[in-house]
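To start, the structure under review is shown below, and the notes come after it.
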Amino acid sequence: MPTEAAAQGFSRPKPKRGKSLSLRRTHSSTEADRENPRHGSFTVEVQESVLPPHLRARLWDLFQQIEREVEVVYAENLALQEKVEVLTERLEAGTSDKPMGEESLDGTAKANIAKNKSSSQLSQKLKTTYKASTSKMQHRLQQSIAPVRARLDTVSGASIVSSFKPANTSQCQMVRRFIGHRDGVWEVNISRAKPHVLGTASADRTAKLWCMATGQCVLNYIGHSGSVNSIRFHPNDHLALTASGDHTAHVWRSAVVLPQVPPEGNRSSDDDQIEGAEKEEGEAAAHTEPGDSSDFAPTVVRSPLTELTGHQGVIIAADWMADGKQVVTASWDRTAQLYDLETTELVHSLTGHDQELTNCSTHPTQRLVVTSSKDSTFRLWDFRDPSIHSVNVFQGHTDTVNSVTFTSGDNVVSGSDDRTVKVWDLKNMRSPLATIRTDSAINRLSVSPLHKVIAIPHDNRHIRLFDLQGVRLARLPRSNRTGHHRMVCGTAWYDENPACNLFSCGFDRQVIGWQIVTAVA
């Protein structure tokens, strides 16, 4: 792709090149060299280098320091090996076989037994000493190389080692906590119809809607008799869809009136908001709605507009099709079901998974569905042809697939208990475009439609950000005052508000709003 300078007809001046020496082995035609192929002649070649002379000299000096450190460690290792060989020879000489006549004497036999026992103890002590000495040498080598490596990274103000990765200036800070649930929060989502609200699904059998600007709960849905495992919003209407452990999925009205946002001058700082949230969390047991202000009462919804039944197990997730006229549910009974919302009739029963389903997701514009399962696979269901639906099975993971979602383009992102996240292309899903390897199991991730950034929630309480090429951008801060204290269950992006554009929920009963500023150079 042409740059702006090239488009305007300007040429960039080439840097002056220095010269460097390199040695190259060449074949020798002499008889001695043919007899010993390890011998050979070397030729000196002069190659041009783009590095300035002072930088090359500095690098040579650093490499020489590394060489000297390695030589010292190598010499110590050789001395230790010689000592081991000498002691081994003494050990073998001391345990050599005796004549049969000597073995017949009781006193001599007892002495041999004692000598063999002493030799065995000496052998064990020798092995322990050798292992300890080797570990110490490795530790010393790492300590000696570390400062040299650091100097290499910062020589002449340029990062040499990290230059192979794109520099990023990601900034992440906690903005607000949403306190009010009495048990772990499984999922967080953002409504699509205005005014936008934050939706949460919790193991306390409730789903709540929140004002993102004030952190107040504006609606409390209490229609389920089991854990609410997911919450998704209608593409263009004020309707919410929740899936529950009571084997049902509910559709209910999500239209709310948001509280008045306080003037800019009356808003508290981030630290004050965090301290206030901590106080509310501590007083949660003493209040009916800890996240609510005294002059604003949330709406309570007790029954759904539509109830979908038919599963024989827990419904772990449910989502809207792109047109909003049908919904798909995923259950622990190993099936997914497609329902018509107007008639509540079952349109398709999607079977094929060998174990319980863990999630389902729909394409934002096409009639495509993906389901994930504990059988380490996820499946792509194609309903674009009304007369027939096709299914593709993908086996890219080695453990439970907990999350699978579409991006705004033609990609699918999957996350698993095998601690990997994989990015797939819908047009060619034989192998992933990128594989992200982490240190903990992945839960329900989300992808920013605007920035194409993946927010990955982990079992180990961390949240990491990666782009679709698998490049790590940031890790959200976590401390006693910031971040989650238990497993992070899900994330959701809200690109329309740069001041608070990412939300996360966890099994510590709280939802957190974050400000993420991501810029990759």
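Residue numbers in this text run from 1 along the chain shown.
Every residue, even glycine, has its Cβ placed from backbone N, Cα and C.
Here TrEMBL flags 1-40 (among others) as region 'Disordered'.
As annotated by TrEMBL, compositional bias 'Basic residues' applies to 13-27.
Residues or ranges marked as compositional bias 'Basic and acidic residues' by TrEMBL: 28-38 (among others).
Per TrEMBL, the feature repeat 'WD' maps to 178-220 (among others). Long-range neighbours of the repeat 'WD' (178-220) within the same chain, counting only residues 6 or more positions beyond its ends whose Cβ lies under 8 Å from a Cβ of the stretch, are 226-238, 240, 242-244, 254, 256-259, 261-262, 273, 277, 280-281, 284, 289-293, 296, 298-301, 317, 444, 486-487, 489-494, 496-497, 500, 503-513.
As annotated by TrEMBL, repeat 'WD' applies to 221-252 (among others). Averaged over the repeat 'WD' (221-252), the predicted model has a pLDDT of 97.
The region 'Disordered' feature in TrEMBL is assigned to 258-299 (among others).
What TrEMBL records for 276-290 (among others) is compositional bias 'Basic and acidic residues'.
Summarising the annotation, TrEMBL assigns repeat 'WD' to 308-349 (among others). Below 8 angstroms of C-beta separation, residues 187, 226, 229-230, 232-237, 239, 241-245, 247-251, 355-367, 369, 371, 373, 381, 383, 389 of the same chain, each at least six residues beyond the ends of the repeat 'WD' (308-349), sit close to that stretch.
According to TrEMBL, the feature repeat 'WD' maps to 350-391 (among others).
As annotated by TrEMBL, repeat 'WD' applies to 394-434 (among others). Within its own chain, the repeat 'WD' (394-434) is flanked in space by residues 358-359, 361-364, 368, 370-374, 376-380, 440-447, 449, 452, 454, 456, 466, 468-470, which lie at least six positions past its ends and keep a Cβ under 8 Å from the stretch.
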Remote residues contacting the repeat 'WD' (221-252) - C-beta distance under 8 A, at least 6 residues beyond either end: 183, 186-193, 199-209, 300-309, 311-320, 322-324, 327, 329-331, 341, 359, 364
Counts of helix, strand and coil residues, the repeat 'WD' (178-220), according to DSSP: 0 helix, 21 strand, 22 coil
Secondary structure tally of the repeat 'WD' (394-434) (DSSP, helix then strand then coil): 0 helix, 21 strand, 20 coil
